[in-house]
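Working notes for the structure below.
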Amino acid sequence: MKMTPLNIGLFVGALLLGVALYFVVPSLGLLLFPLLVVFVVVILLRNKSGEKADPAQTAEAMTMMPAEGKARIYVMRKGFVGGQQGMNITINDDLNSQIRTKYFLMAEVEPGTHTVTAQMSSGTKGSARSHEITLEANKSVLLDMKLQMGAVQGKPDFTEVRDMVEAKSMLNGLKLVLWK
């Protein structure tokens, strides 16, 4: 189930109808409660995160140092809003994975310009956002992903952090997820 305006409208309509019916006929109003539960469960089941990295891979990623002549892109989520809903991350239409709050991704790439695209797992294609990054050899960047709440659905928001000391402190306590 996608979080389209129609689905959200149906959800809100069912919720309002359920509340109204609860006051008129309490047992009938309670029948719509399972629909709310199913809606939330479907959203959470859409999470298809990549495999979690082992401690050695995480420790290597936390060095923040790319291989000679390469560059690194880190993508993290730490916010509360929409935290359990997966955020699909794609780099150059090549690397794909999904992260939730308290997880991060790391990609070692060639120097140059790269496009990072993010979309909530239950969001529409229109909610996807792209961000271009230009990296020199032996440099890294961290993208701190937030969720901007709109009237109908949330949209990913990118914040670049190029200070690797600050980036490393932001990644502390997060778990590395591998690319699919």
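Each residue, glycine too, has its Cβ placed from N, Cα and C.
What TrEMBL records for this protein:
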DOMAIN    68-150  domain 'DUF2846'
TRANSMEM  7-25  transmembrane segment
TRANSMEM  31-47  transmembrane segment
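Across the domain 'DUF2846' (68-150), the prediction's mean pLDDT works out to 88. With helix defined as DSSP H, G or I and strand as E or B, the domain 'DUF2846' (68-150) counts 3 helix, 50 strand, 30 coil.
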